[in-house]
Each structure stands twice: as C-alpha cells, then as structure tokens.
Amino acid sequence: MAGVRALGASLSGSDTIILSLFIFPSLFLARTHVNYEVKGDVAVVRINDPTSKVNTLSVQMQTEMAEVMNEVWANNAVQSAVLISSKPGCFIAGADINMIQACNNAEEVTKLSQEGQKMFEKIEKSPKPIVAAINGSCLGGGLEVGLPSAFDMMLTGRNIRADKAKKMGLVDQLVDPLGPGLKSPEERTIDYLEEVAIEYAKGIVNKKIPLRKEKGTMQSKLCYYIMSFELVRNQIYKTVHGKVMKQSKGLYPAPLKIIECVKTGVEQGPTAGYLAESQNFGQLAKTPESAALIGLYHGQVACKKNRFGTPQREVKTLAILGAGLMGAGIAQVTVDKGVHTVLKDTTLTGLSRGEQQVYKGLNDKTKKKNITSFQRDSILSNLTGQLDYSGFENADMVIEAVFEDINIKHAVIKEVEAVVSPHCIFASNTSALPIKDIAAASKRPDKVIGMHYFSPVDKMQLLEIITTEQTSKDTTASAVAVGLKQGKVIIVVGDGPGFYTTRCLAPMLAEAVRVLQEGTDPKKLDALTTGFGFPVGAATLADEVGIDVAAHVAEDLGKAFGSRFGGGNVEVLKTMVDLGFKGRKSGKGCYVYQPGLKVKEVNPEIGEILEKYKMTPNPAVSSDSDVQYRLVSRFVNEAVLCLQEGILNGPLEGDIGAVFGLGFPPCLGGPFRFVDTLGADKLVEKMRRFEAVYGNQFTPCQLLLDHAKDSSKKFHK
Amino acid sequence: WNLNVQTKSKKTLARPGVKNIVLVEGVRTPFLLSGTTYADLMPHDLARAALQGLLHRTGLPKDAVDYIIYGTVIQEVKTSNVAREAALGAGFSDKIPAHTVTMACISSNQAMTSAVGLIAAGQCDAVVAGGVEFMSDVPIRHSRKMRKTMLSLNKAKTLGQRLSLIGSIRLAHLSPELPAVAEFSTAETMGHSADRLAAAFGVSRVEQDEFALRSHTLAKKAQDAGLLQDVISFKVPGRDIVSKDNGIRPSSMEQMGKLKAAFVKPHGTVTAANSSFLTDGASAVLVMSEEKALAMGYKPKAYLRDFVYVSQDPKDQLLLGPTYGTPKVLERAGLSMSDIDVFEFHEAFAGQIMANLKAMDSDWFGQTYLGRKSKVGTPPMEKFNLWGGSLSLGHPFGATGCRLVTTVAHRLQKEGGQYGLVAACAAGGQGHAMVIEAYPQ
C-alpha cells in the first residue's frame, strides 16, 4: 500500500529562497514545473514552480507530474524514484488557491480534486519505490498516516515540526540541515537530501531497507484490534465530531466533512472514500465560508506588504515606554527580531513585571522546544530594562504604552523629544486618543504616528497604524516596516477618535451593556456572540480588554460621536471600575477569575449593578437572533461609516482589521464581506426595525444605504 | 639529505624587544582507552604522573618553577583546581601557585599560552603547563529536583519537615544527569556536528576511513620506531607499569567499512573507527624564557612563537578552528604555508580533518567565510601528522594540546625542519593555532 517513503529535512526559520542553479538535461522538453534526471538507476524527479516562491498543486504541476511519473514507470533503466523540490524550504505548500478560485462551480473543483487523487493514488501504488525527499513545508497528501493522529492533523491544518512528523510516523527518516561547506547551506542541504534519498531508494530496491517497518508494538496491535469493532469506531467518530462542534460551533463546514470522508473511507472502502472526499471538497470550495476564508488569505497577504516603500533608516534600536502588558508585549515581539529593545518604566516593580513577561514568553517557547535555552538567553541579551532615558539618543523609534491620559502622553512626548535624536520616530500605542491631539505637544509632528497593538501582543496578529495629516510618508513606511518585522498583519488607517478598530468595537460593546441591562446573563451574551462566530464572547472580551479601558473608551467616543454611541449606560461600567471589577487583570469583571481554574463563574456582585440600571427589553427586538444582529449591525454599520469617511483605505483592510484585531467571525470574512454575502438590503431592513425601537444608534450610514439600494454594488468584486 | 634547505620567508621569528620563550621539555603519560588500566585512578593522579615524569626527565629542582597551569575539560568536582592538587602530590614546593584552565579540547593549549603570557610579561621565568583528562570516571549528578530536595533536607529543622521532604521524592527525582560531549548552546553532540560538517563539505565515508587508517598506521610505525619519546612510563598503583599508548589499532578498510554510523543514523558517515575515542591521559611541558633555560643549563627543544585563538558559529562551524586559525597565525608570523615543515593538527574526527582540508582548499569558502581573496591552501600530506594523531594515539581532551606542541618540537629535531604549525578545533566553535620554531641544534 505504501510505495512512498518520506525523508524530511527540518529547516526551521529558514525563509531564504535561492533560485535553483540546477540545469536539467530534460530542459529541452516543454515542461517547466516538473523534471527528472536519471542518476544510476534512480530517477530524481524535481518539482519547481518557476512562477512562484512556493510549489503548489496547480493544474500544470499535476499534469506535468503525471507525465513525468508515466515516463519514469515506463523507463526500464529506472528502478526507483526520488521526489524532491528544487526550492529550499518548500516541498509542496498545498493546493493552489487561485486554481480553486478559478473554478466556476463545485463540479469543476470536484474534477480537479479527482485528478489530484488519481495522481496520488498512482504514486502510492507505484510499482517502483518512490522516496519523497521533503525540505520545508509540505502538504500531507499521498503520505500514509496513522488514523488517530491523522484526524488531528487533517482537522486543524497544524504545522508539524520535522521531529514530530517522524514520531507520528508521517516521515521515515530525518535529514539534518547542513551548515556552509563548499556551497551555501541551503544549496548544499538540498543536494545532501537528494544524495541521501537516492541511497535510500537504492536501498529499498536492494531490499537493504525494509519498505515499511511493522513495529507491531503492543500499542499499535491493540489499536488495530479495537478499531475493528464498529461500536468503538462510532464512538471515535462521535467524540471527534463533538470536539469539532465544540470548537467550531458548527460554523465551519470543512472539519465535519473531513470526518464524513474518513468515515466513508473506513466503512465503505477507499473508492467510496475518495469519491466522498472529492465531492465534498468541490462543495466546500464553493461555500461562502470558503470565499470568506480565501478572501482573508488574500487580504492577509496584502497586509503583509509595505505599500509605503522602504524607509530611509532601518529601526535598529526601539525604545518602549511603559512595561505594562502592552509595553512588555511589544518588547516580546521585537526583541527576538534582532532589534535592540529598550523597555522603560517609571517604577522598579513595573519594570520587573514587564521584563518577567518578556522572559516568560521566551521561556515558554523554550519549554515547547521551539527555541533552545541558549537562543532564549541570547535573544534576551537584546533587551535593556531601565528607569531613565539614558541611551535614548540611540533610539530610532520610541513607542509609548503609558496610561491613556492625554496629559501624561503630552508630558511623555516632551520628555522623549528632549533626549532623542532628530530622526527618531515617536509612536503612540493608544487605543482611542486621536493621534493629532497627542502630536499637538510635539515639536516634530511629522515624526508622530499611532501604532495600535492588540492584547495579548504576542498572540494577536493585527497592528493598526494611524497616520495624521502631518505624519510623513517615511514615518509611516518605518512604522509599517517595524510592524512587519514583528510579524504583524498591518492596516494603515486615518486619524480620528477610536480610529477604525476601537470605533467599531465601541458601539457593539455599548449594545452588549444594554443587552446585559435588559437582563441577559453574561454567559448567555457570550453564547450568543460566539454562536455568531466570534471567537470570544462579548462579556469575556470586555473583561479581556479591561472594564476600565472599555469605560474610558465608551466615555471618550461617546463625547466625540454623541448619541450614536449610546445604548448601554456608561455608569454600569464606571460602577464596576469603582468596585474594582476591572476585568481579568483585577481578577473580577463580568466573571470571577481564579488562577488555575479554567471554568469561570459569573461575578455575582454585578447582579446588583445591573439591577440598579435595569432596562425593560422590548420583545419585538429581543429574540436570540435579534440580539445577535443588534450587536453585529452596529459593528458593521460603524465599519462601513469608517470607509465612507475615509478612515479606511478600503474594505479589504476593514475586513482584515475586524477579523484579526477584534475577532469578527472569520467564517464571515469581515464586516464588508458579511454585507456582500448577506445583502446590504437585508441588513438595512433589520436595522430599520431596531431603529424604530432604539433610535439613531441603528440608523444605517449613507454608504450602506447606497449598497442596499443597488444590489450590484459590492465591497468585494 | 636535508629536505628543508629551501629558502624560508624568514630566517627566524625572533623579534627585537620580544622575549624568546622556549619549550624545554614535554612529556605525557601513555594515552589509554578510558576504562582500561587507569580506570581506578583520579584525574590528579594522572596529572601527577605527568608532572613527576617531567621532573624526572628534566632534573628540575622542585622549587625552580614560578607557576603551574593545567588544562582540563570534564572536571572532577573534588579537585576542581586539579593543577594545585597534582602539583602538591607530585612533590612540587607548596610555595608554587597553580591554577586550572578550561577551553574544551584546547585547554592545555591555553595553559601553555598562559605560561607564555606570564613569561612575556616578565611575571615569571619558568612555568609548567599541562593538561589532563580522565574519562574513566565522570561526575554523574543527581537530578536537579533531587539536588534541590537534598539541599532543602540540610536546612530542614524538624523531623516532620524532613519526612515531608523525603516523602516528596518521586521516581523522576532518581534519574541521574550524565555529562555529554554536547554543545550547551545547541544541545548537539560533537559527533553529530562532525557528521554534518563532513556532509557539508562532501567528505565521503571512504575518505574518512582512509584518513583514520592512515593515522593508525603512522602511529603504529612511530610507536614501533620509538619516535614517541614524549611518553613516560607510569607505574599505576595496583597495576603494571604502563609505557605505551593502547588505542593504536591499524585495521583494514574492509573492517572499518563494516561499522555503522555512530551519530547520524543510519545515513551518516562518522563511525567509531573514524572518530577519536574516549581517552585517559595527562601531559606536561616546561616553558621558560630562553635566558633562564640557558642559565639553568638546559638545551631547549623549540621556540614557542606566534599563536592565535579563533572562534566561530558553534552549530555549523563547530570544528573548523584549524581553517580559521591557520591563515591567521601564518599572517601574524609573516610566514606562508610553504615555510612550514611540520604540521600537527588535532584529529577530533577524520571527517573533521577532511572537512578542514577541503575548506582550506576552497576559494568559495575562503572568499565567503574568511574574507580572503582566495583559498588558504592545504598542508602537504607528507608533512602532516606523520606520527599519528588524536584518532590513533588518543585524545584526552585537556591534554592533547601539549602533545601536539611537543610532537612538533620532536619532529622538527628529527626531520631537521625549522618551522612547525599546531592547529586544533574545540567545542564551543573555538580554535587555536601556534607557530613553533626549531631551536638551533
């Protein structure tokens, strides 16, 4: 069954792409993606998509692969084959998304999928042994996998480290990457991998290497035995199904379909399994969820580029003011990128806590064996913790993450400008204060910019960069360059209260407070929001953001935008803050947080507060679905308004910002795609109904109305 | 006649205003496979034997040196300053200070060059340097958890506290910590790194086996011809007198070819037969200013001239010290490769030597990694490690450096050459190279 052996070279962290210097003898043929040469009696089949940095299973790749393999099988001089990529760090990254997008309907995708299956099946059943020499990212297709672990990998699309893949039995042998020798490490490693793979292929033909080790451990025997009972198998399907439902709330169709395919394959044989797989794949590829996720993929790729060009100076020293959660978080994502990072706080306790956070982040990576303890230490040597401004003259950029108070921000910007050199950029990590107000205290407003990170900084991918009219293009380019170095997905937005993300979130949170005041339990509120696809429920989100921050933002933006940002009573939040319920960080918020306890209970003391500010729900707009739409429509309307007002550069960045920064349901693809998919008219209709009850908080903005009037208007073409 | 009549770039490396420092004598205990005749000793016993051998051979009065320095790698915790323990035991005056240095496989090189430094600075006139390694017994520790419990137990005041601490001991506490010949920074064993290095330079298994065979064959020849005069006899307490290295085993290519890869399994090329083996042994040299040596009536063996230490990436260039050190020390001395009559390179692994030779022979490597216009050039094999090397004679980590320098001095005398070069790699990605000039005979 398994004609394929896999060798893997772990090349973690190597993203250098070197153009292949191989000259193929078969270059005379018209093939561009797959070629082979015969070394001794081993055919070395090399995969290389000349048009891309990575190899994908495009139509051309599949066609040429089939051609080459047919020639290899037909060639009597060939006893075995080695399958290898000429690209350092990439074997086959997966199916070609563009190819799937180019299909007009599910049937076409199904057909494509069947072509691919046929090829893999042929390779699997190859009469001549094939060694797959994998260097870098690889799609698991065609590899025989053990059932229990296969479930896990297929479902989550996890990236697996080479050593783990070996343990899981996905690959048979690991080849360590080489250092410099007579060629560059990347080139030599590929050559070496090929040499070892050829020896393996010969070894298999000579029967020196058994085709597959039947370990026959008690565990695996037991596993097979148990799996032979239908009852046990059903129990496994059920368990996995339950797990998937719990994680995806049934909003993502793919994992369930995968279980279905595996089930069909196991119960009814491989042919039925393959058919189910290709048909389901075809259907899935053309679902709105697929369109949403593909859209996000393209958006993310776009937001990983610096459209402002290369900055004049590279930031080599970055100073961060304030060693709180955010400041230390920014340090965490900076220090391991080879940037000298200065973390400044005003108190020793604050600094110590911040430095510990950075250490812990790296130490956790060490524990997970992503980095060695030595790498941890050498990364940390780039971090300087201090209480004064010494050495700030060497800073190329200062990011302040101090308390959200305009007066403090002004004091800080003056202190910084007194010590830094003229080229130094001042960035503010504020979540709501307009940057131009902060820049008002600056002598060099062209060097002032907003860099809004999301908590926890090391986990949240988004960075919202805010430019004022005075911010220079080079300052923006530099901020984007730093963000990209930190591994962030970046949106660049215009200045204004709450910018884009906070401005979208505030009305939704205001609505959430109203929902609570109307007597909905925080747990129910969370269930409603996660049920809509938000990864974190609204009440939990408020606790994570911090009730004090939420109160602050609600008040500030309420002043700036007036009654449109009303709904819930800000006093609810303020009372909570007064009682010390500041959310997770203080141990109590909507919920009570106890260290070590995963299950959180609703904070019993907020009942009194909500009782005090109780509102009577209107049954006409209080069904579960209505509550969900009340929350989401305010979010979406504000997002569209941001586009209308020019805060946003385009709907793409709007979607990316909402999904990656605020957890807008990824299966919906972001507020703009959501409007496109649902139909602006339908959304407006709902909003009008809510407007009748609550007033202008639900008045659709002009741009949304325009889209509602003309159904041909779409945010995404 | 004399092969070395060709003209040298320089007549001598003596420089005005710079003290001439000489190697008066160098000795070593026989190097034995660990776990053999030395098995029941302690490291300082071996070092003591080397020191006594040196005293015996030179007739040096026991208070005539100013300082004693020893190099070692795996330290016996009871004798962490092994230099002092060995010196006292060897009968040196207790007024002579002694310290121990560690720099992996170039520890005794560091001991020697520290001695050179002390003499050059005018602080000392005569220094004994040496090195010792004892792999028959290595410190195996309790686990960190267990150590922590035991230390807390020391501080426990009440029986209850003690009992609760003892009760907290789990099976996991009992698994011991073994020392490994692995880089701390990368956690990679040296053999594994050597295999990757050999692969990076395309060194084949056959090339490695051939070089290892050459080392054993030459060592056997040298041993049989009585050329290894630095070896002293050592009466091991409770055992026989040992007077020969016991790791020299010339085999056949066929026999060696049968071995399986030892580190990178199964496709690696480094095997037990083409690697240096775990060895017990000690060495000692007497280093003096030329004036002092002559005043004491000694006939020095050689001048110790320029030396360099180099270091590079401990992961991918762990064992490339000789490639980096050789051109650097030659440049310092103002010599070229062709001026050197005797080469003694430390053979950690046959693959490592071959990789270094290939690196030195590569224009690409010279340009890309050494910042040179072209390649370093390779030492001619007819001048290279002619009396065997670490692969065959053995490699007691801390002691090898003195053996290399003494061997160069002896070979210069025997072969009539003028300049010799020592080069060695060491864990941590470090390396050492030294130029030695023959003392006029």
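Glycine is no exception: its Cβ is also placed from the backbone N, Cα and C atoms.
Annotation source TrEMBL lists active site, acyl-thioester intermediate at B:CYS105. The active site, proton acceptor annotation in TrEMBL covers B:HIS395, B:CYS425. Per TrEMBL, the feature domain 'Thiolase N-terminal' maps to B:21-291. Annotation source TrEMBL lists domain 'Thiolase C-terminal' at B:298-437.
Locations of recorded TrEMBL features on the structure.
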| residue | record | DSSP (3 states) |
| --- | --- | --- |
| B:CYS105 | active site, acyl-thioester intermediate | strand |
| B:HIS395 | active site, proton acceptor | strand |
| B:CYS425 | active site, proton acceptor | strand |
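Separation of the C-alpha atoms of B:HIS395 (active site, proton acceptor) and B:CYS425 (active site, proton acceptor): 12 Å, rounded to the nearest whole number. The two recorded residues, B:CYS105 (active site, acyl-thioester intermediate) and B:CYS425 (active site, proton acceptor), show a Cα separation of 7 Å.
In the domain 'Thiolase C-terminal' (B:298-437), helix, strand and coil residues by DSSP number 60 helix, 35 strand, 45 coil. Within the group of active-site residues (B:CYS105, B:CYS425), the Cβ with the highest number of other Cβ atoms inside 10 Å belongs to B:CYS425.
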